[in-house]
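Beneath this line is the structure, given in structure tokens, with notes to follow.
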Amino acid sequence: MGKNEEVKLLGIWASPFSRRIEMALKLKGVPYEYLEEDLENKSSLLLALSPIHKKIPVLVHNGKTIIESHVILEYIDETWKHNPILPQDPFQRSKARVLAKLVDEKIVNVGFASLAKTEKGREVLIEQTRELIMCLEKELAGKDYFGGKTVGFLDFVAGSMIPFCLERAWEGMGVEMITEKKFPEYNKWVKKLKEVEIVVDCIPLREKHIEHMNNMAEKIRSA
């Protein structure tokens, strides 16, 4: 990385979408400036950099603006070649992309929908979420991480979203969503993630995060 390179990340402390970008930048050893945003009072910088989406994360690299977390992760991987994030094999790379979409589209949609329901109306959505997470359980069989022996793209996407976001929301509601008995590979993977310094450095503080997720769930239910 050149000495005069500018790398800025606009994000939110509790957002898995910006946490995963920090994980990738730390894996690559790329120095960056982090700018905390407030989506209820969006900064003029965020609106200028992302006038259409108006969402985080936003990466700024030498004046170029990159949005959407999956796109940003791939940009980081292609710009700084060392410590690859995506699998080198084309088939494995395509599979990682498909599973990342499963996480951020299907699991997120059903998982967050479960937060909006009362206890009685939550059961069907919880079971649907478990069925989707079982796809990840099968993919992790016999592996330390999704890519094998080292963390990468899908670990950042799934890790930031499920154990370190959705599970905390469910914990706040008293729901044990992903048991070790039914999901042994998944739980082994989460334990391995907690041993990775760059991941741990980017995980929001647990109690503060659970409180935040509880407040968000209350807002969803009362909307």
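Heads up, the Cβ atoms here are built off N, Cα and C, so glycines get one too.
Note that the structure is a prediction, hence the values are computed from the model and not measured.
Features as listed in Swiss-Prot:
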type: BINDING; residues: SER15, PRO16, ASN41, LYS42, LYS55, ILE56, GLU68, SER69; note: glutathione binding site
type: DOMAIN; residues: 5-84; note: domain 'GST N-terminal'
type: DOMAIN; residues: 89-216; note: domain 'GST C-terminal'
type: MOD_RES; residues: THR150; note: phosphothreonine
Statement: ILE56 (glutathione binding site) and the residue listed as 'phosphothreonine', compared by Cα position, are separated in whole Å by 27
Message: In whole Å, how far does the CA atom of LYS42 (glutathione binding site) lie from that of the residue listed as 'phosphothreonine'?
response: 36
Message: What whole-number Å value do you get for the CA-CA distance of PRO16 (glutathione binding site) and THR150 (phosphothreonine)?
response: 20
Field: ASN41, LYS55 as binding-site residues, winner by CB count within 10 A
entry: LYS55
Task: Could you find out if DSSP has PRO16 (glutathione binding site) as helix, strand or coil?
output: helix
- prompt: On the Cα atoms of SER15, PRO16, ASN41, LYS42, LYS55, ILE56, GLU68, SER69, which are listed as binding glutathione, what is the maximum pairwise distance in Å?
  reply: 21
- request: Name the secondary structure element type, per DSSP in three states, that contains SER69 (glutathione binding site).
  value: helix
Between the residue listed as 'phosphothreonine' and ASN41 (glutathione binding site): CA-CA distance (Å): 38
Statement: Cα of SER69 (glutathione binding site) to Cα of THR150 (phosphothreonine), in Å and rounded, measures 20
Query: Between GLU68 (glutathione binding site) and THR150 (phosphothreonine), what is the CA-CA distance rounded to a whole number of Å?
result: 24
Statement: Across the recorded positions (SER15, SER69, THR150), the Cβ with the fewest other Cβ atoms inside 10 Å is that of THR150
